[in-house]
Amino acid sequence: MTTGDDIKAACADLADILAGMRRGVAFTGAGISTECGIPDFRSPGGLWTRNRPIDFESFRSNRQMRDEAWRRRFEMEAAFGGAQPGRGHKALARLLGEGRLAGIVTQNIDGLHQASGVPEEHLVELHGNSTYATCLDCGTRYELGWVRQRFEASGGTAPDCPDCEGPIKTATISFGQPMPAQAMTRAGTLTAACDVFLAIGSSLVVWPAAGFPVQAKRGGARLIIINREPTELDDIADLVIHADIGDVFEAVGQA
């Protein structure tokens, strides 16, 4: 296994792997978006250190929790709503456009892969998307502007669905909420067929999502990990680079 001790040599190895990749899969976590100004969840200053997450059952059953969840969402929008895709997002979009990536599986909810030009059919969002909302009962989609207008007009009360009076929630997966079966199936299918699996900006500790790199490795794919900090799967990877994601892709001529 090549490690990130020699970043220059590791990036040269990565460039060779990317050049030969034909059915690659990129698996991205919060680390790919930190250079865009979006802090990750677990690091000091991350979102979980400032706010205790609201679990799915609390959101569904407690109106005050729904109000608080939406207050936090609009607070986040004010802080991070202007974020633009970073070098890592753009590099992956380019690899996809060149036909070397078959798809991107992401744990992120920020919508930056779409903003970089990745088509929906090539993107799997395991934890949903925070850029729009849905009714938990009837599935009707709502834009955030619609929700915000009613939230502010009511003095901070989360609106209910006009069609069925069900609770409206950002289209994300909360603690205690089942993982989306269709997304998990799509991710598994992509992983089973890949020749290279790029795990980028993820600590690889959240299961079942973190099982995809293991599946890829067992299926004969080359496992590449690019992350600023060590991960629990570094020991089974073919190439590990501990460096800034944007810098790595710039070094291999993709950013």
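Using the three backbone atoms N, Cα and C, a Cβ is placed for every residue, glycine included.
Automatic prediction, not curation, is the source of TrEMBL annotations.
Keep in mind that what you see is a predicted model, and the values were worked out from it rather than measured.
Quick look at what TrEMBL lists:
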ACT_SITE  His127  active site, proton acceptor
BINDING   Cys135, Cys138, Cys161, Cys164  Zn(2+) binding site
DOMAIN    4-255  domain 'Deacetylase sirtuin-type'
Cβ neighbours within the same chain of Cys135 (Zn(2+) binding site) - under 8 Å, at least six residues apart: Tyr142, Cys161, Asp163, Cys164, Gly166, Pro167, Ile168
Environment of Cys135, Cys138, Cys161, Cys164, the listed Zn(2+) site - residues of the same chain whose CB lies within 8 A of the CB centroid: Leu136, Asp137, Gly139, Thr140, Asp160, Pro162, Asp163, Glu165, Gly166, Ile168
Cys138, Cys161, Cys164 as binding-site residues, winner by CB count within 10 A: Cys161
Spatial separation of His127 (active site, proton acceptor) from Cys138 (Zn(2+) binding site) - C-alpha basis, Å: 20
Surrounding CB atoms that lie within 10 Å of the CB of His127 (active site, proton acceptor), all protein chains: 20
Collapsed DSSP category at His127 (active site, proton acceptor): coil
